[in-house]
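Undergrad: Take this structure, written in structure tokens, and hold onto it; I'll ask about it next.
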């Protein structure tokens, strides 16, 4: 899967033992995704099933304190806060990415981050004993901060460790664990397991366990070699980390590539968010990640999950069985994300983005029709079930996993933390907005609200088609050159240096072109 003959000699090391998946690399991916990304998914859906029991607890606690029952408007407000504090916390977590990954390293940030999760788990698990619902709302902010950091740092950490021909597949692993987290929370939240009056504090508190496991195991794994060499200037540690990750000793070409990148980065310094937003050489990369993140969140995935129960009820599924149907949708989500792990390297990122948003766009359009006609045409309710499934498949193969992979690939070491901070903030703000606005949209527009999602998907497809390049199996420098043309900036390449392995050369020409990711 090599690109050009000129890369051949470096490819052996650069792809790490011809890009093979070593046991250590697989373990790093699994531990960091299970310990961090898994909990992002788990906490997205964990409060859906036990919601009525938790609301009873809010009510009862209020009544015990004040002697009067809680006003229904106040209860709705408290519950809205419980739900929406999570994405708001995620936004705050995203803002912490840049300072933390630069100062503590990628692995260090993940380890530090576990403290947020364990604290929130203890608070949520003991909230019923302590008879306080305020603590649950506070904990949702804390676990949101955790998820905001995790959703950005894990793809960055894994992307910097992966050989180029596995970068996409490994980059989808965090998303796979997010969907697994959603599924596990749905299964444990069944009424017969923990989704009941007794079990919900345990259900909320379980989120600390993956963190504890990660806290115990991750210290034994290497830090990102790029961080060690380029940001810490420690070549020996970087070399050792690379040798462990690649499973063999000859990593000279990869070290050389990093060293040259390091040279040019010294002239540039690190990008803050402000300098990233104003730097012309990164303009299209920045617009691209903002558009992809907005498309990902505003394409209505939360709304489809929200509507799913009602869609299935109207199709004649017994209301007691709807929870099992929700679990089956979660399972489809996991299976299709797993498929994405295996096809992202053969089909490429662009195809998956276009196909994913295309399926979402189509299913939103047909769903609008089906929901409007289901009272008059009996088989329309079955069509709406098909639409939900097609939508989930589309989102799982393209819209959910690929944007995070693209942030890693379109930016270089100096600008990547700031890029993740921007992308992550957009991701969580849009998530928060949909959560707040959708109930009002649904009240005002009913099924027609899906037409808005359809239009957003269509706009994203058009943008991706015309602007976003294919990054499959390219070095970060090659992606850089493609984007440099689009940004209309030149990469001034020193020819000697260029012969010496795609030299992450040209950023000598003032911050000329920092536009892509390096391995």
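Backbone N, Cα and C atoms are what each Cβ position is placed from, and that goes for glycine too.
Annotations per TrEMBL:
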- 29-472: domain 'Major facilitator superfamily (MFS) profile' (DOMAIN)
- 21-42: transmembrane segment (TRANSMEM)
- 77-98: transmembrane segment (TRANSMEM)
- 110-130: transmembrane segment (TRANSMEM)
- 136-158: transmembrane segment (TRANSMEM)
- 170-194: transmembrane segment (TRANSMEM)
- 200-221: transmembrane segment (TRANSMEM)
- 286-308: transmembrane segment (TRANSMEM)
- 324-344: transmembrane segment (TRANSMEM)
- 351-373: transmembrane segment (TRANSMEM)
- 379-406: transmembrane segment (TRANSMEM)
- 418-441: transmembrane segment (TRANSMEM)
- 447-468: transmembrane segment (TRANSMEM)
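Describe each of these features in terms of where it is and what it packs against.
TA: Sequence-distant neighbours of the transmembrane segment (77-98) (same chain, 6+ residues past either end, Cβ-Cβ under 8 Å): 43-44, 47, 51, 54-55, 58, 70, 109, 133, 136-137, 140-153, 272-273, 417-418, 420-421, 424-425, 427-429, 431-432, 435-436.
Beyond the ends of the transmembrane segment (170-194), by six or more residues, the same chain brings 25, 29-30, 32-34, 36-46, 48-50, 151, 154-155, 158-159, 161-162, 200, 202-203, 206, 323-324, 326-327, 330-331, 333-334, 337-338, 340-341, 344, 396, 400-402, 404-405, 408 to within a C-beta distance below 8 angstroms of the stretch.
Remote same-chain residues near the transmembrane segment (200-221) are listed as 24, 27-28, 31-32, 34-36, 38-39, 42-43, 46-47, 49-50, 53-54, 57, 107, 110-111, 114, 117-118, 120-122, 124-129, 136, 139, 143, 185, 188-189, 194 (criterion: CB distance under 8 Å, separation of at least six residues from the stretch ends).
Within the same chain, residues 45, 48, 168-169, 171-173, 175-176, 179-180, 182-183, 186-187, 190, 305, 308-309, 312, 317, 352, 388-389, 392-393, 395-398, 400-402, 405, 472 sit at least 6 positions outside the transmembrane segment (324-344) and bring their C-beta atoms closer than 8 Å to a C-beta of that stretch.
Residues 292, 295, 299-301, 304, 311, 340, 343-344, 380-381, 383-384, 387-388, 390-391, 393-400, 402, 446-448, 450-451, 453-454, 457-458, 460-461, 464-465, 468 of the same chain, all 6+ positions outside the transmembrane segment (351-373), place their C-beta atoms under 8 angstroms from a C-beta of that stretch.
Remote same-chain partners of the transmembrane segment (379-406), defined as residues 6 or more beyond its termini with a Cβ less than 8 Å from a stretch Cβ, comprise 151-152, 155, 159, 167-168, 171-172, 174-176, 178-179, 288-289, 292-293, 295-296, 299, 301, 304, 307-308, 311-312, 314-316, 329, 332-333, 336-337, 339-340, 343-344, 349, 352-360, 362-364, 366-367, 369-371, 373, 423, 427, 457, 460, 468, 471.
For the transmembrane segment (418-441), the residues of the chain that approach it from at least six positions outside its boundaries are 80, 83-84, 87-88, 90-91, 93-95, 97-98, 101, 144, 148, 151-153, 155-156, 270-273, 275-277, 282, 285-286, 289-290, 292-294, 296-298, 300, 302-303, 306, 403-404, 407, 410-411, 449, 452, judged by C-beta separation under 8 angstroms.
Here the transmembrane segment (447-468) has Cβ contacts under 8 Å with residues 284, 287-288, 291-292, 294-295, 298-300, 303, 349-350, 353-354, 357-358, 360-361, 364-365, 367-368, 371-372, 399, 406, 438, 441, 486 of the same chain, all six or more residues outside its ends.
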Undergrad: What is the pLDDT of the domain 'Major facilitator superfamily (MFS) profile' (29-472) when averaged and given as a whole number?
TA: 92
